[in-house]
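Q: Sharing a structure below in structure tokens format, with a few things to ask.
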Amino acid sequence: MFRPASRALLRAPTPAVGVARGPTRRFISSSTGSTKPRSWKNTFIRVGLASGAVYYYNTSSVFAETPSLSFRPEAQPKHEDGKSLPTLDSIKPKSREEKKAPAAAADAAATPASTGANAQSESPLKSAEELEAEADQQAAFNPETGEINWDCPCLGGMAYGPCGEEFRAAFSCFVYSEEEPKGMDCIDKFKAMQDCFRAHPDVYGAELDDDEEAGAEANAAGVEQPLAAEVDASVPVEKHEQAKEVRDEVKSAAGEVAESEEVVPKALDVSEQEKTPEQQTEK
């Protein structure tokens, strides 16, 4: 009469119950069955963000250094009509000149050095007048203050040599001399300087040689001067007058008699003195 509850439940009809299932997987490519239309606000925001990104990309300095890709070849500069492209023949002379340039520079550097050495060696050989002229030009002597710069290179260092004191005395005397001709009152000081030069031939040998050559030339000029005057006389009358003047000078210097007086030979004078007084009276 009473059935068990378990059997009653099993035999009882079960109503259709929907099975609860989880959410199915959905891919990006798959779309839902129903899509909602976007609002105008959402579209406006999207357009504003896109335009802002483009503006920032074009105006910002972050992307300024990025190279731009271009498929067009770069335009090459056009050569002028008067200029031609370099050739092998035109390049060879330039390469040779570039090779010769270092040698020429070395020669040019050696030439001033040799010139300076020659100038230093020739500086002691200059006369006092030349030294004074160079001193005026190179500011060794200041006429306004009356001071002499003994360190001037134009003096050749002679103011500090073994005969430096004598050279200073002679040079300063010549510079300050007011006699005519200039330097006549400084002869003694120049002689003292030359004596000092002779005492040091190892230092002033070149100066002594120049002095001897100058003296020899002066003596030769003095001896040859009458001969040159005789040669220059083109008229026989002038030659005769010059010869007569020379003869008169020689006679006056030797104390001889003039041409108007009688000239007695020496042998005749001796023979007359040997004669006896009787022979002289007979004559």
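From the backbone N, Cα and C atoms, a Cβ is placed for every residue, glycine too.
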Q: Ranges 53-63, 152-162, 163-173: which does Swiss-Prot label motif 'Cx9C motif 1'?
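A: So the range that Swiss-Prot calls motif 'Cx9C motif 1' is 163-173.
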Q: Of the residue ranges 131-141, 186-196, which one carries the motif 'Cx9C motif 2' annotation in Swiss-Prot?
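A: Of 131-141, 186-196, Swiss-Prot gives motif 'Cx9C motif 2' for 186-196.
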Q: Quickly jot the same-chain residues contacting the motif 'Cx9C motif 1' (163-173) by Cβ under 8 Å, restricted to those at least six beyond its ends, or write none.
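A: Same-chain contacts beyond the flanks: 128, 131-132, 148, 150, 155, 183, 185-186, 189-190, 192-193, 196-197, 199-200, 203-204.
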Q: Can you tell me how the residues of the motif 'Cx9C motif 2' (186-196) break down into helix, strand and coil by DSSP?
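A: For the motif 'Cx9C motif 2' (186-196), the helix, strand and coil counts are 11 helix, 0 strand, 0 coil.
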Q: Could you give the number of helix, strand and coil residues in the motif 'Cx9C motif 1' (163-173) as assigned by DSSP?
A: 10 helix, 0 strand, 1 coil
Q: Mean pLDDT over the motif 'Cx9C motif 1' (163-173): what is the value?
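A: Across the motif 'Cx9C motif 1' (163-173), the average pLDDT comes out at 86.
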